[in-house]
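Take a look at the structure below.
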Amino acid sequence: MFENTETEGPVTCSFCGKTQDQVQKIVAGPGVYICNECIDLCKEIIDEEFNQTAAQETLEVPTPADIVKTLNQYVIGQTEAKRTLSVAVYNHYKRVNEMAQETDDDGPELQKSNIAVIGPTGSGKTYLAQSLAKILNVPFAIADATTLTEAGYVGEDVENILLKLLQNADYDVDRAEKGIIYIDEIDKIAKKAENVSITRDVSGEGVQQALLKILEGTIANVPPQGGRKHPQQEFIQIDTTNILFIVGGAFDGIEGIVKRRLGDQTIGFGADSQEQHVLSSGDSLMQHVIPEDLLEFGLIPEFIGRLPILTALEKLDENDLVRILTEPKNALVKQYEKLLALDNVDLQFQPAALREMAKLAIARNTGARGLRSIIEDVMRDIMFDLPSRTDVAKVVITPETVTEHAEPELVLKDQKAS
């Protein structure tokens, strides 16, 4: 900083008009002067604007109890999993907000905790992750691990997962960097059993290795148009440090691994009461999966290490599926009731009909995921005929409508009036 002494007359600040005598210092530039008071004022304005921006970037995170309360409106059952996920998500976004403040804190650095969700097909893994993103109002993307291969082989690069998130954030990189990515079928990239084959495992262990960096946190180069990367292509850089990764899979056969670990071969002498209790309770084996079981299943240690939070979903029973059909905020039965109401027709499902649909889903081993196709099959002919009729006031779905494709019971308008 320097004072101008070469100009004729008193030097004044170009911004406030004060002279040298009225301020401590005046800084000169090409044809312009600024005093120390205006410099301080400019700094205050910039700091205030920066703090406002930081505040805007801070996510409003509901408490774990509030997250579970909202999840209960959409997801039936899975109480333990919902509690685990709500705490994990709450802590993750507390960490994100703390990092956004950029405070000079000498305390411990909070590390990211990604989540692994184990559960049978149709138990709600994807829907839970999707619901969490909706509650937090952050971008969300779903990826299928079976489509991924390591770089240089036919298939998708792992960076394409980030592209989906970026697209769902409308190419807003800052929003994408705070999103949630759910990678499904993660059990399908377990490394193959040791054998004499010299073929490289490009869709198993190779993909696990390729995912390590983005799970942990790295600056990834994402091709904006997708596809394979090539040297002439421009990239969008995404920092994955604050992206929450949730991976899920059915892990068929892992119950056997848990059972062996808990002492399946020591029935009677040597088996403690806790082991016997677990072994006698079927589905509860899933609740006792530990990282060592995932290692034996075929996930590599480095990959497991980046998924410190592990939770399991129980297989849905008949009662759960009936509740899923009727209770959630956007339950399928409520959706079809609304569809028919738009044609001024009431829709009623007899309780026994709902149970038959639940039994069908269990028989097909599709869980909650298969309920939509079942109810769509039941309703298809009804929804085809009804718009052409003006005499129907109410449709009643019976068990026979579900099991035998029998005609539903119709209540006509003149019958209802009488």
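Even glycines carry a Cβ here, placed using N, Cα and C.
Among the features that Swiss-Prot reports, domain 'ClpX-type ZB' is placed at 1-54. Averaged over the domain 'ClpX-type ZB' (1-54), the predicted model reaches a pLDDT of 78.
Taken from Swiss-Prot, the feature Zn(2+) binding site covers C13, C16, C35, C38, and the record attributes it to sequence analysis. C16 (Zn(2+) binding site) counts 13 other C-beta atoms within 10 Å of its own C-beta, drawing on all protein chains shown.
What Swiss-Prot records for P120, T121, G122, S123, G124, K125, T126, Y127 is ATP binding site. Applying an 8 A CB threshold to same-chain residues 6+ apart, the list for P120 (ATP binding site) reads A250, L313, K315, G367.
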> Where does C35 (Zn(2+) binding site) sit in DSSP terms: helix, strand, or coil?
Replying inline: strand
> In the structure shown, which of the binding-site residues G122, G124 has the fewest Cβ neighbours within 10 Å?
Replying inline: G122
> Any idea what the Cα distance is from Y127 (ATP binding site) over to C38 (Zn(2+) binding site), rounded to a whole Å?
Replying inline: 55
> Which ones in the same chain are close to C13 (Zn(2+) binding site), with CB under 8 Å and 6+ residues apart in sequence?
Replying inline: T19, V23, I26, Y33, I34, C35, E37, C38
